[in-house]
Amino acid sequence: MRTPSIYSQDDPISAALKPPSSETEAERDARLLSEAEARRVSELIDEDLRLERERMKRNRGDVKLLLLGQAESGKSTLQKQFQLMYRPNSIDQERISWKTVIYFNVVHSLKHILTTLEAWDDILDDESDNIDDSVSISPNKHRPNGISEQPSPSTSLMNSASPPNGTPASPARPGSSGSISQHITSKEPSSIQIGNLRRRLSPLVSADAQLADRLSGGITVSGSGKGGVYVRSGWQARTIENALGRIRQKNDSEAKKARESISQDAPPDILVQDVGRMLSVSKDDIKELWAHPTVKGLIARRKLKLDEWSEFFLRHISRVAAPDYIPTTDDILHARIQTMGVAEHIFDVNIHGKAVSWHLFDVGGARGQRHSWVPYFDDANAIIFVAPVSAFDQYLEEDPRTNRIDDSLQLFTQICSNALLKNVHLVLFLNKTDLLRTKLDTGLKVRKYITSFGERSNDYETVVQYFRAHFLQVHRRNNENRRVLYTHFTSVVDTKATQRIIGNVRDSIFRGYLQSAALV
Ligand SMILES: Nc1nc2c(ncn2[C@@H]2O[C@H](COP(=O)(O)OP(=O)(O)OP(=O)(O)O)[C@@H](O)[C@H]2O)c(=O)[nH]1
Ligand SMILES: [Mg+2]
């Protein structure tokens with residue numbers, strides 16, 4: 001008996017599509033097979049559409065929270081704190097993959113130190129010594145890593161001649177950034193010592209590109225210079241898959257199951273294993289380089305600028321370079337990897353007996369990434385805008401003429417004035433306050449970089465209030481709807497303090513959410 005066909009005798013379209021009567025058995029079998037495949041694909045599409053409709057319906061009641069702010073402001077670190085609070089097990093599952101990031105952070109920092117030393121001929125040249133970096137420095141060679149050593153321009157915040165609090169702006173004055181304790185007078189010993197360290201560390205440093213490739217999955221993004229590498233959401237699974245290699249061969253559902261079953265017992269990636277071995281062998285050399293008077297001198301003279309994560313991992317190198325190293329949660333919070341695009345994280349948040357799904361969108365903050373934020377604006381319930389207040393002496397990697405505080409203020413202006421966001425609950429984190437304290441304690445003068453700071457006192461309280469006043473001013477000028485701005489001084493690497501603040505923010509967002517959902 002012939003298998004029933006999809007072609008009905010009565011339907012004219014079916015009749016038109018009816019197979020020719022001369023169809024052979026083999027042609028008929030092939031046709032039936034392809035009809036069955038078409039039906040299967042069509043049913044899959046229908047099922048996908050049904051699930052998507054259901055998801056949209058379900059998500060209508062969910063809270064959507066955007067984490068916005070410039071690159072390096074601390075958005076992903078804040079996301080990790082949400083993860084620690086609401087899905088702590090997932091941090092354990094990812095723990096092993098953070099080892100690749102931390103090794104990359106160490107190796108990349110060593111490379112940056114050695115390249116900078118090379119540009120200064122591995123010595124502290126007292127004749128070119130000028131602690132004040134508002135004056136042009138003429139190194140012997142071009143600057144490493146394309147980082148401009150032209151004096152960075154000081155800024156009057158948002159070009160406002162008159163800052164909040166009424167004190168008139170005064171011109172920048174050169175300041176001192178502290179005393180140099182070590183002076184190397186003999187070129188020979190210093191350069192020979194560093195030359196030897198460079199030679200011994202070169203196999204380790206040469207792993208930099210491979211580690212970057214492992215994390216990015218081979219994707220290079222323009223502008224991923226200093227920070228090293230951009231990653232898309234899901235990079236953890238990729239580093240683990242590379243470690244296991246064989247998972248790639250399997251079909252999707254098997255790979256998913258294997259990924260889910262991976263814990264920190266997963267066999268380590270050969271590359272990561274090799275880097276771990278080299279780190280362990282080179283531990284003393286790294287310590288010697290990090291403690292070397294020439295390195296310390298270049299840092300004090302601001303000829304060598306290290307990021308906070310570089311300093312953190314170099315300070316903890318004994319632990320990080322140990323053969324049995326497993327990243328601690330604190331290490332994970334300090335690890336640095338640039339976000340590419342927008343990464344969605346979903347948490348079930350239980351408030352007053354009501355369970356609500358929170359969708360956290362962690363965005364890439366570099367200028368080239370900001371266009372990808374907009375599609376998430378129209379159904380957002382809340383924004384946490386993260387502004388690093390320690391960045392008053394730093395300039396955008398993408399545009400070395402723009403002071404990072406100024407960029408934050410400009411970005412905050414755009415967010416406050418955006419019509420799509422006018423009803424969104426707005427929270428401001430003035431972040432990296434721990435680093436701000438350290439910078440001020442070492443004698444760095446705000447007025448040297450922010451001319452409008454004028455003759456105010458350079459103490460922590462005055463400085464944070466000054467920056468806060470600027471952000472409040474931006475909010476006030478762009479607040480037709482008279483919405484409240486919730487402000488917090490934060491250091492999001494501090495778990496205890498941050499989780500307390502997250503609790504407050506959660507409650508205030510949830511109150512707004514209930515009101516807008518007309519549930520109260
Ligand atoms: N000491 C200190 N370090 C911080 C703080 N917040 C963030 N960091 C560190 O700053 C670096 C950058 O933080 P991220 O969270 O990756 O920055 P981001 O805003 O996600 O950056 P993009 O993804 O490039 O947009 C990381 O090494 C963090 O550990 C803070 O409050 N204090
Ligand atoms: Mg990020």
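Placement of Cβ uses the backbone N, Cα and C atoms for every residue, glycine included.
A TrEMBL annotation is a machine prediction, not a hand-curated record.
Per TrEMBL, these features apply:
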- 1-31: region 'Disordered' (REGION)
- 134-195: region 'Disordered' (REGION)
- 147-164: compositional bias 'Polar residues' (COMPBIAS)
- 167-181: compositional bias 'Low complexity' (COMPBIAS)
- 182-194: compositional bias 'Polar residues' (COMPBIAS)
- Leu333, His334, Ala335, Arg336, Ile337, Gln338, Thr339, Asn431, Lys432, Thr433, Asp434: GTP binding site (BINDING)
- Thr339: Mg(2+) binding site (BINDING)
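TrEMBL feature annotations superimposed on the structure.
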residue : record           : CB count, 10 Å
Leu333  : GTP binding site : 24
Ala335  : GTP binding site : 22
Ile337  : GTP binding site : 21
Thr339  : GTP binding site : 22
Lys432  : GTP binding site : 26
Asp434  : GTP binding site : 16
Recorded GTP site residues Leu333, His334, Ala335, Arg336, Ile337, Gln338, Thr339, Asn431, Lys432, Thr433, Asp434, farthest C-alpha pair in Å: 23
